[in-house]
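Take a look at the structure set out below.
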Amino acid sequence: MIRSLRIEVPATSANIGPGYDSFGLALGLVDSLTLTVHDAPVDTETVVTVQGESADELPRDRSHLIVRVLGEVLAELSPETHRRFIDRITLESVNRIPHSRGLGSSAAAVVAGIALAGALSEAAGGPRLSRAEILERAAVIEGHPDNAAPAVVGGLTISLSDPARAWTVPVRTIGEVTVLVPEVRLDTKTARGAIPQDIAHAVAAGNSARTGLLVHALTTDPSALLEATVDELHQEFRRAAYPESMDLVDSLRARGIPAVISGAGPTVLALTDSVPAEAVPAGVRALTVPIAEGGFRLSAEV
Ligand SMILES: Nc1ncnc2c1ncn2[C@@H]1O[C@H](COP(=O)(O)OP(=O)(O)O)[C@@H](O)[C@H]1O
Ligand SMILES: N[C@@H](CCOP(=O)(O)O)C(=O)O
């Protein structure tokens, strides 16, 4: 039987301007997780060890998001495997994705939990989960598919909902992007509350044209990136929730840099491999990262 499972899951930047709830990009910034199966039950208060981002804030018991999702999915997928193993597993987590910054940390955690449940079930002779099934489940938990899709399949993804499906588009005009991560946090749920229910038809038409143009700009013609990253569906409605980030987006765009809010913010995504140091406000971390291909990576040790 399996002794341990290791998974690396990438950060993701959703929306990329006009592609609200549908476009996403996998980034070369990963959380690394190791699940160990022990011979005997473990202390329920210390199931998880965490290093890195938010290490001091996350629970160590089974309420930890990854362990909770793993347990719920495994119980449904393979009740016998759940019964045999749930008391005997620990999780070591090395977190590199900043939390509540719009870089898909919760989607990465949810994808990891589901993928680990599928791998444990398969290793014990139960049903496995395909990447398509992992995406479907993750999108239901997250409430939108645009972060889960690149975390599962990698690269630039366009996804649809109910059920979630994703297509990868080969990016050819840029290799690296820069994320500008502020210290302040914003809960995705709170940010989603600022989006109105209805949008004028003309706004929707303009936005849908720019999502098409964004694909053209990322595959063929980088000169269209600035126009293609104009959004009217989410960023302005959320301006009050991340005013400094919107100021940064505005100032970068005034310099000709295609910058948008990453996910629900407050991180700013610049579709370029370098942002001039003088354009980065104090307290904002600038990280240049490659686009990550292939989605999460999982390996087992017997
Ligand atoms: N690696 C992780 N382990 C445990 N919980 C996590 C992890 N990543 C994210 N979370 C949970 O998800 C929350 C952030 O989710 P959310 O507001 O959707 O922001 P984000 O844009 O980072 O996904 C964290 O406060 C934490 O509760
Ligand atoms: N389309 C969603 C994306 C949320 O991404 P996150 O990384 O902030 O969780 C939204 O804009 O609400």
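Note that Cβ sites are derived from N, Cα and C of the backbone, with glycine treated the same way.
On a predicted model such as this, the values are computed, not experimentally measured, just so you know.
Per TrEMBL, these features apply:
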type	residues	note
BINDING	PRO98, HIS99, SER100, ARG101, GLY102, LEU103, GLY104, SER105, SER106, ALA107, ALA108	ATP binding site
DOMAIN	70-155	domain 'GHMP kinase N-terminal'
DOMAIN	231-284	domain 'GHMP kinase C-terminal'
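Sequence features annotated in TrEMBL and their locations in the structure.
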residue	record	Cβ within 10 Å
PRO98	ATP binding site	22
SER100	ATP binding site	20
GLY102	ATP binding site	30
GLY104	ATP binding site	32
SER106	ATP binding site	20
ALA108	ATP binding site	32
Other residues, Cβ within 8 Å of PRO98, HIS99, SER100, ARG101, GLY102, LEU103, GLY104, SER105, SER106, ALA107, ALA108 Cβ centroid (ATP site): ALA11, ILE97, ASN147, THR188, GLY263
Close-lying binding-site residues around ligand 1 among PRO98, SER100, GLY102, GLY104, SER106, where CB distance stays under 6 Å: SER100, GLY102, GLY104, SER106
Binding-site residues close to ligand 2 - of SER100, GLY104, ALA108, only those whose C-beta is under 6 Å away: GLY104
SER100 (ATP binding site): secondary structure state under DSSP, collapsed to three categories: coil
